[in-house]
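Engineer: Below you will find the structure I want to go over with you.
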(Lines of atoms letter the chains of each structure in order from A; the text may use other names.)
(Lines give C-alpha, C1' and ligand atoms only; values in the text may rest on other atoms or scores of the structure.)
Protein backbone atom coordinates (compact mmCIF):
# COMPACT_ATOMS: atom_id res chain seq x y z
CA UNK A 1 0.00 0.00 0.00
CA UNK A 2 1.24 3.47 -0.85
CA UNK A 3 1.97 5.97 1.91
CA UNK A 4 1.18 9.67 1.87
CA UNK A 5 4.84 10.41 1.17
CA UNK A 6 4.64 8.49 -2.12
CA UNK A 7 2.54 11.27 -3.60
CA UNK A 8 4.88 14.15 -2.82
CA UNK A 9 6.70 15.75 -5.76
CA UNK A 10 9.63 13.71 -6.99
CA UNK A 11 13.06 15.13 -6.07
CA UNK A 12 14.33 17.66 -8.59
CA UNK A 13 16.33 16.00 -11.32
CA UNK A 14 20.06 16.72 -10.96
CA UNK A 15 21.00 19.13 -13.74
CA UNK A 16 24.01 21.29 -14.48
CA UNK A 17 23.71 24.90 -13.33
CA UNK A 18 23.91 27.53 -16.07
CA UNK A 19 24.53 31.20 -15.26
CA UNK A 20 22.37 33.41 -17.50
CA UNK A 21 23.37 36.99 -16.79
CA UNK A 22 23.46 36.34 -13.05
CA UNK A 23 20.29 34.21 -12.97
CA UNK A 24 21.07 30.56 -12.26
CA UNK A 25 19.11 28.00 -14.28
CA UNK A 26 19.36 24.38 -13.14
CA UNK A 27 21.64 22.88 -10.54
CA UNK A 28 18.85 22.85 -7.98
CA UNK A 29 18.26 26.61 -8.22
CA UNK A 30 14.65 27.84 -7.99
CA UNK A 31 12.73 27.23 -11.21
CA UNK A 32 13.08 30.41 -13.27
CA UNK A 33 10.18 32.26 -14.89
CA UNK A 34 10.83 33.74 -18.30
CA UNK A 35 8.87 35.36 -21.10
CA UNK A 36 9.29 36.87 -24.56
CA UNK A 37 8.43 40.19 -26.14
CA UNK A 38 6.23 40.50 -29.22
CA UNK A 39 7.49 43.93 -30.26
CA UNK A 40 9.65 44.74 -33.26
CA UNK A 41 13.05 44.72 -31.55
CA UNK A 42 14.22 47.51 -33.85
CA UNK A 43 11.55 49.69 -32.20
CA UNK A 44 13.65 50.47 -29.16
CA UNK A 45 11.01 52.43 -27.24
CA UNK A 46 8.35 49.74 -27.54
CA UNK A 47 10.75 46.93 -26.75
CA UNK A 48 12.19 48.65 -23.68
CA UNK A 49 8.67 49.36 -22.42
CA UNK A 50 7.56 45.75 -22.86
CA UNK A 51 10.71 44.22 -21.37
CA UNK A 52 10.30 46.55 -18.39
CA UNK A 53 6.64 45.55 -17.98
CA UNK A 54 7.47 41.84 -18.18
CA UNK A 55 10.30 42.21 -15.69
CA UNK A 56 8.15 44.18 -13.25
CA UNK A 57 5.52 41.44 -13.51
CA UNK A 58 8.13 38.91 -12.42
CA UNK A 59 9.88 37.65 -15.55
CA UNK A 60 13.44 36.85 -14.50
CA UNK A 61 14.67 36.39 -18.08
CA UNK A 62 13.24 38.07 -21.18
CA UNK A 63 13.75 36.86 -24.75
CA UNK A 64 13.71 39.23 -27.70
CA UNK A 65 13.65 38.53 -31.43
CA UNK A 66 16.88 39.20 -33.32
CA UNK A 67 15.93 38.64 -36.93
CA UNK A 68 17.72 41.31 -38.97
CA UNK A 69 20.48 43.92 -38.84
CA UNK A 70 18.21 46.63 -37.43
CA UNK A 71 17.14 44.37 -34.56
CA UNK A 72 20.71 43.37 -33.77
CA UNK A 73 21.84 47.00 -33.79
CA UNK A 74 19.07 47.89 -31.35
CA UNK A 75 20.00 45.27 -28.73
CA UNK A 76 22.85 47.15 -26.98
CA UNK A 77 20.73 50.31 -26.90
CA UNK A 78 17.83 48.39 -25.36
CA UNK A 79 20.17 46.94 -22.76
CA UNK A 80 21.58 50.38 -21.95
CA UNK A 81 18.13 51.94 -21.62
CA UNK A 82 16.99 49.19 -19.27
CA UNK A 83 20.05 49.64 -17.07
CA UNK A 84 19.30 53.35 -16.86
CA UNK A 85 15.85 52.37 -15.57
CA UNK A 86 17.52 50.25 -12.90
CA UNK A 87 16.57 46.98 -14.62
CA UNK A 88 19.43 44.55 -14.93
CA UNK A 89 17.24 41.93 -16.58
CA UNK A 90 19.11 39.35 -18.69
CA UNK A 91 18.13 39.54 -22.36
CA UNK A 92 18.05 36.41 -24.51
CA UNK A 93 18.50 36.75 -28.25
CA UNK A 94 16.14 34.59 -30.30
CA UNK A 95 17.94 33.62 -33.53
CA UNK A 96 16.68 31.74 -36.59
CA UNK A 97 18.20 31.22 -40.05
CA UNK A 98 20.89 33.97 -39.96
CA UNK A 99 21.96 34.09 -36.32
CA UNK A 100 25.56 33.28 -37.25
CA UNK A 101 25.73 36.32 -39.53
CA UNK A 102 23.99 38.72 -37.15
CA UNK A 103 26.25 37.82 -34.24
CA UNK A 104 29.36 38.18 -36.39
CA UNK A 105 28.27 41.49 -37.93
CA UNK A 106 27.07 43.02 -34.65
CA UNK A 107 29.61 42.33 -31.90
CA UNK A 108 27.94 44.83 -29.55
CA UNK A 109 24.76 42.77 -29.81
CA UNK A 110 26.67 39.56 -29.14
CA UNK A 111 28.18 41.13 -26.02
CA UNK A 112 24.95 42.70 -24.72
CA UNK A 113 22.86 39.53 -24.78
CA UNK A 114 22.93 37.21 -21.77
CA UNK A 115 22.14 34.08 -23.79
CA UNK A 116 21.65 32.99 -27.39
CA UNK A 117 18.70 30.83 -28.38
CA UNK A 118 19.26 28.78 -31.53
CA UNK A 119 17.07 26.28 -33.35
CA UNK A 120 18.96 23.34 -34.85
CA UNK A 121 16.12 22.85 -37.30
CA UNK A 122 16.76 26.13 -39.12
CA UNK A 123 20.28 27.22 -38.16
CA UNK A 124 21.34 26.12 -41.62
CA UNK A 125 20.49 23.57 -44.28
CA UNK A 126 22.35 20.74 -46.03
CA UNK A 127 26.10 21.43 -46.22
CA UNK A 128 25.81 24.77 -44.40
CA UNK A 129 24.04 23.41 -41.34
CA UNK A 130 26.97 22.28 -39.19
CA UNK A 131 29.15 25.19 -40.33
CA UNK A 132 26.61 27.85 -39.37
CA UNK A 133 25.80 26.08 -36.11
CA UNK A 134 29.52 26.01 -35.30
CA UNK A 135 29.84 29.73 -36.03
CA UNK A 136 27.17 30.56 -33.45
CA UNK A 137 28.74 28.26 -30.87
CA UNK A 138 32.13 29.86 -31.49
CA UNK A 139 30.59 33.28 -30.89
CA UNK A 140 29.11 32.01 -27.63
CA UNK A 141 32.55 30.76 -26.59
CA UNK A 142 34.19 34.07 -27.56
CA UNK A 143 31.73 36.15 -25.55
CA UNK A 144 31.31 33.57 -22.76
CA UNK A 145 27.56 33.27 -23.29
CA UNK A 146 25.29 30.31 -22.63
CA UNK A 147 23.18 28.88 -25.43
CA UNK A 148 19.72 27.36 -25.41
CA UNK A 149 19.43 24.71 -28.07
CA UNK A 150 15.71 24.87 -28.67
CA UNK A 151 14.13 22.18 -30.83
CA UNK A 152 10.60 22.84 -32.12
CA UNK A 153 8.55 20.18 -33.80
CA UNK A 154 7.27 22.74 -36.29
CA UNK A 155 10.79 23.33 -37.59
CA UNK A 156 12.35 19.94 -36.91
CA UNK A 157 15.48 18.85 -38.78
CA UNK A 158 13.89 17.06 -41.74
CA UNK A 159 17.01 15.06 -42.62
CA UNK A 160 17.09 13.56 -39.14
CA UNK A 161 13.34 12.91 -39.13
CA UNK A 162 13.48 11.23 -42.54
CA UNK A 163 16.37 8.99 -41.47
CA UNK A 164 14.52 7.90 -38.34
CA UNK A 165 11.31 7.30 -40.29
CA UNK A 166 13.22 5.09 -42.74
CA UNK A 167 14.82 3.12 -39.89
CA UNK A 168 11.44 2.72 -38.24
CA UNK A 169 9.81 1.47 -41.43
CA UNK A 170 12.39 -1.31 -41.61
CA UNK A 171 11.94 -2.30 -37.97
CA UNK A 172 10.12 -5.47 -37.00
CA UNK A 173 7.76 -3.62 -34.67
CA UNK A 174 7.60 -0.07 -36.00
CA UNK A 175 6.57 2.84 -33.82
CA UNK A 176 3.84 5.27 -34.75
CA UNK A 177 4.80 8.37 -36.73
CA UNK A 178 4.10 10.46 -33.64
CA UNK A 179 6.47 8.36 -31.54
CA UNK A 180 9.20 8.63 -34.17
CA UNK A 181 8.74 12.39 -34.27
CA UNK A 182 9.20 12.54 -30.51
CA UNK A 183 12.40 10.55 -30.84
CA UNK A 184 13.62 12.89 -33.59
CA UNK A 185 13.00 15.92 -31.38
CA UNK A 186 14.99 14.43 -28.52
CA UNK A 187 17.83 13.24 -30.75
CA UNK A 188 18.06 16.65 -32.42
CA UNK A 189 18.56 18.31 -29.03
CA UNK A 190 21.08 15.76 -27.78
CA UNK A 191 23.10 15.58 -31.01
CA UNK A 192 23.25 19.37 -31.18
CA UNK A 193 24.39 19.60 -27.56
CA UNK A 194 27.09 17.00 -28.21
CA UNK A 195 28.28 18.95 -31.26
CA UNK A 196 28.38 22.19 -29.27
CA UNK A 197 30.54 20.49 -26.63
CA UNK A 198 32.79 19.05 -29.32
CA UNK A 199 33.31 22.57 -30.68
CA UNK A 200 34.30 23.72 -27.19
CA UNK A 201 31.21 25.08 -25.45
CA UNK A 202 31.25 23.86 -21.83
CA UNK A 203 28.32 21.80 -20.64
CA UNK A 204 27.51 24.47 -18.05
CA UNK A 205 26.81 26.85 -20.92
CA UNK A 206 24.09 24.71 -22.53
CA UNK A 207 20.35 24.62 -21.86
CA UNK A 208 18.04 22.33 -23.84
CA UNK A 209 14.40 22.62 -24.78
CA UNK A 210 12.05 20.41 -26.78
CA UNK A 211 8.87 22.27 -27.62
CA UNK A 212 5.66 20.86 -29.03
CA UNK A 213 2.03 21.94 -29.09
CA UNK A 214 0.30 18.95 -27.50
CA UNK A 215 0.29 18.21 -23.78
CA UNK A 216 1.11 14.49 -24.06
CA UNK A 217 3.98 15.19 -26.43
CA UNK A 218 5.51 17.76 -24.08
CA UNK A 219 5.35 15.24 -21.24
CA UNK A 220 6.95 12.56 -23.41
CA UNK A 221 9.83 14.51 -24.97
CA UNK A 222 10.87 16.18 -21.73
CA UNK A 223 10.73 12.91 -19.83
CA UNK A 224 12.92 11.36 -22.52
CA UNK A 225 15.38 14.25 -22.41
CA UNK A 226 15.56 14.08 -18.63
CA UNK A 227 16.45 10.38 -18.79
CA UNK A 228 19.20 10.86 -21.35
CA UNK A 229 21.00 14.00 -20.22
CA UNK A 230 21.80 16.20 -17.25
CA UNK A 231 21.50 19.48 -19.14
CA UNK A 232 19.29 22.17 -17.64
CA UNK A 233 15.84 22.00 -19.27
CA UNK A 234 13.56 24.81 -20.41
CA UNK A 235 9.87 23.82 -20.42
CA UNK A 236 7.03 25.20 -22.50
CA UNK A 237 4.51 24.48 -25.20
CA UNK A 238 5.39 25.97 -28.57
CA UNK A 239 2.05 27.73 -28.62
CA UNK A 240 -0.35 27.14 -25.77
CA UNK A 241 -3.21 29.08 -27.37
CA UNK A 242 -5.54 31.77 -26.13
CA UNK A 243 -7.39 32.32 -22.88
CA UNK A 244 -8.40 29.46 -20.62
CA UNK A 245 -7.36 26.81 -23.17
CA UNK A 246 -3.78 28.06 -23.17
CA UNK A 247 -3.67 28.29 -19.40
CA UNK A 248 -5.12 24.80 -18.90
CA UNK A 249 -2.80 23.23 -21.48
CA UNK A 250 0.28 24.85 -19.96
CA UNK A 251 -0.69 23.92 -16.41
CA UNK A 252 -1.53 20.32 -17.35
CA UNK A 253 1.65 19.73 -19.33
CA UNK A 254 4.17 21.52 -17.16
CA UNK A 255 2.46 20.53 -13.93
CA UNK A 256 2.94 16.83 -14.66
CA UNK A 257 6.57 17.22 -15.71
CA UNK A 258 7.44 19.49 -12.78
CA UNK A 259 5.79 17.06 -10.36
CA UNK A 260 8.28 14.47 -11.59
CA UNK A 261 11.25 16.71 -10.81
CA UNK A 262 11.87 17.77 -14.41
CA UNK A 263 12.35 21.38 -15.47
CA UNK A 264 14.62 24.28 -14.55
CA UNK A 265 12.94 27.24 -16.26
CA UNK A 266 9.46 27.72 -17.74
CA UNK A 267 7.71 29.96 -20.20
CA UNK A 268 3.95 30.01 -20.76
CA UNK A 269 3.39 30.85 -24.43
CA UNK A 270 -0.09 32.36 -24.28
CA UNK A 271 -1.58 34.01 -27.33
CA UNK A 272 -2.70 37.41 -26.01
CA UNK A 273 -6.06 38.88 -26.85
CA UNK A 274 -5.89 41.78 -29.34
CA UNK A 275 -4.36 44.67 -27.39
CA UNK A 276 -4.16 42.30 -24.41
CA UNK A 277 -1.67 42.41 -21.57
CA UNK A 278 1.52 40.51 -22.41
CA UNK A 279 2.36 40.18 -18.72
CA UNK A 280 -0.47 37.68 -18.28
CA UNK A 281 1.86 34.86 -19.34
CA UNK A 282 4.25 35.79 -16.54
CA UNK A 283 1.47 35.73 -13.97
CA UNK A 284 0.29 32.31 -15.17
CA UNK A 285 3.82 30.89 -15.01
CA UNK A 286 4.18 32.16 -11.46
CA UNK A 287 0.81 30.73 -10.49
CA UNK A 288 1.71 27.29 -11.86
CA UNK A 289 4.87 27.20 -9.76
CA UNK A 290 3.15 28.63 -6.70
CA UNK A 291 0.07 26.41 -6.61
CA UNK A 292 2.36 23.38 -6.93
CA UNK A 293 4.44 24.58 -4.01
CA UNK A 294 7.71 25.07 -5.90
CA UNK A 295 8.01 28.84 -5.43
CA UNK A 296 6.18 31.70 -3.74
CA UNK A 297 5.65 34.98 -5.56
CA UNK A 298 2.57 36.65 -4.09
CA UNK A 299 0.30 36.04 -1.10
CA UNK A 300 -2.39 33.44 -1.71
CA UNK A 301 -6.05 34.43 -1.38
CA UNK A 302 -8.23 31.34 -0.85
CA UNK A 303 -11.93 31.88 -1.50
CA UNK A 304 -14.82 29.45 -1.72
CA UNK A 305 -16.59 29.04 -5.08
CA UNK A 306 -20.00 29.89 -3.66
CA UNK A 307 -23.18 27.83 -3.48
CA UNK A 308 -26.83 28.18 -2.52
CA UNK A 309 -25.75 29.25 0.95
CA UNK A 310 -23.85 32.26 -0.43
CA UNK A 311 -26.33 34.28 -2.46
CA UNK A 312 -24.55 37.48 -1.38
CA UNK A 313 -21.65 38.66 -3.56
CA UNK A 314 -19.84 40.27 -0.63
CA UNK A 315 -17.29 37.47 -0.22
CA UNK A 316 -16.55 37.46 -3.96
CA UNK A 317 -16.04 41.20 -4.06
CA UNK A 318 -13.88 41.12 -0.94
CA UNK A 319 -11.69 38.32 -2.29
CA UNK A 320 -11.27 40.18 -5.59
CA UNK A 321 -10.44 43.46 -3.85
CA UNK A 322 -7.81 41.84 -1.67
CA UNK A 323 -6.29 40.02 -4.66
CA UNK A 324 -6.16 43.27 -6.63
CA UNK A 325 -4.60 45.15 -3.72
CA UNK A 326 -1.95 42.47 -3.34
CA UNK A 327 -1.01 42.60 -7.03
CA UNK A 328 -0.90 46.40 -6.96
CA UNK A 329 1.20 46.63 -3.80
CA UNK A 330 3.57 43.69 -4.30
CA UNK A 331 6.39 45.71 -5.95
CA UNK A 332 6.56 47.85 -2.78
CA UNK A 333 5.68 45.11 -0.29
CA UNK A 334 8.34 42.78 -1.69
CA UNK A 335 11.01 45.31 -0.73
CA UNK A 336 9.36 46.63 2.43
CA UNK A 337 8.11 43.34 3.90
CA UNK A 338 10.50 40.46 3.14
CA UNK A 339 8.67 37.14 3.13
CA UNK A 340 5.24 38.64 2.48
CA UNK A 341 4.82 36.40 -0.57
CA UNK A 342 4.28 33.49 1.86
CA UNK A 343 1.12 35.07 3.31
CA UNK A 344 -2.13 33.07 3.10
CA UNK A 345 -5.47 34.89 3.28
CA UNK A 346 -8.87 33.15 3.36
CA UNK A 347 -12.16 34.80 2.38
CA UNK A 348 -15.00 32.34 2.93
CA UNK A 349 -18.71 32.75 2.26
CA UNK A 350 -20.55 30.75 4.93
CA UNK A 351 -20.28 28.74 8.13
CA UNK A 352 -19.84 25.29 6.53
CA UNK A 353 -16.14 25.55 5.65
CA UNK A 354 -15.53 29.18 6.55
CA UNK A 355 -14.14 28.86 10.09
CA UNK A 356 -12.06 25.77 9.27
CA UNK A 357 -10.49 27.25 6.14
CA UNK A 358 -9.88 30.56 7.90
CA UNK A 359 -8.02 28.79 10.72
CA UNK A 360 -5.65 27.23 8.19
CA UNK A 361 -4.79 30.65 6.75
CA UNK A 362 -2.56 33.27 8.34
CA UNK A 363 -5.56 35.57 8.43
CA UNK A 364 -9.06 34.65 7.34
CA UNK A 365 -12.67 35.72 7.54
CA UNK A 366 -15.87 33.67 7.49
CA UNK A 367 -18.61 35.87 6.10
CA UNK A 368 -22.26 35.14 6.88
CA UNK A 369 -24.13 33.04 4.35
CA UNK A 370 -27.81 33.21 3.52
CA UNK A 371 -29.90 33.19 6.69
CA UNK A 372 -26.86 33.29 8.98
CA UNK A 373 -26.26 35.85 11.74
CA UNK A 374 -24.79 39.01 10.14
CA UNK A 375 -21.43 38.63 11.84
CA UNK A 376 -18.03 37.61 10.47
CA UNK A 377 -15.46 35.94 12.73
CA UNK A 378 -11.84 36.73 11.86
CA UNK A 379 -9.10 34.17 12.52
CA UNK A 380 -5.46 35.19 12.88
CA UNK A 381 -2.68 32.59 13.09
CA UNK A 382 -5.22 29.83 13.62
CA UNK A 383 -7.16 31.46 16.43
CA UNK A 384 -10.35 33.48 16.50
CA UNK A 385 -9.26 37.06 17.04
CA UNK A 386 -12.45 39.10 16.73
CA UNK A 387 -15.85 39.30 15.07
CA UNK A 388 -16.74 42.00 12.56
CA UNK A 389 -20.27 43.36 12.29
CA UNK A 390 -22.09 46.13 10.50
CA UNK A 391 -22.01 47.57 6.97
CA UNK A 392 -18.21 47.94 6.76
CA UNK A 393 -17.12 44.34 7.28
CA UNK A 394 -15.22 44.21 3.98
CA UNK A 395 -13.33 47.47 4.52
CA UNK A 396 -12.57 46.53 8.12
CA UNK A 397 -11.12 43.16 7.07
CA UNK A 398 -8.99 44.74 4.34
CA UNK A 399 -7.53 47.06 6.99
CA UNK A 400 -6.84 44.06 9.24
CA UNK A 401 -4.92 42.34 6.43
CA UNK A 402 -2.68 45.37 5.92
CA UNK A 403 -2.15 45.66 9.68
CA UNK A 404 -1.22 41.97 9.87
CA UNK A 405 1.32 42.39 7.07
CA UNK A 406 2.91 45.40 8.74
CA UNK A 407 3.18 43.70 12.12
CA UNK A 408 4.35 40.29 10.96
CA UNK A 409 6.61 41.11 8.04
CA UNK A 410 7.61 44.64 9.02
CA UNK A 411 9.24 43.23 12.14
CA UNK A 412 11.62 41.22 9.95
CA UNK A 413 12.87 44.40 8.31
CA UNK A 414 13.38 46.04 11.70
CA UNK A 415 15.23 43.00 13.03
CA UNK A 416 17.55 42.93 10.04
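A Cβ is built for glycine as well, from the same backbone N, Cα and C atoms used for every other residue.
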Engineer: Where Swiss-Prot shows 304, 307, 357 binding [4Fe-4S] cluster, which of 109, 350 is named for the same site?
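Structural biologist: My reading of Swiss-Prot gives 350 as the candidate in that site.
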Engineer: Cβ neighbours within 10 Å, counted over all protein chains: which one of the binding-site residues 304, 307 has the most?
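Structural biologist: Per the Cβ count within 10 Å, the most buried is 304.
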Engineer: How would DSSP class residue 357 ([4Fe-4S] cluster binding site) in three states?
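Structural biologist: Its secondary structure by DSSP: helix.
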Engineer: Determine which residues of this chain, when 304, 307, 350, 357 are set aside, have a Cβ within 8 Å of the centroid of the [4Fe-4S] cluster site's Cβ atoms, and list them as they appear in the sequence.
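Structural biologist: Counting only non-site residues, the set is 305, 306, 309, 310, 315, 348, 349, 352, 353, 354, 369.
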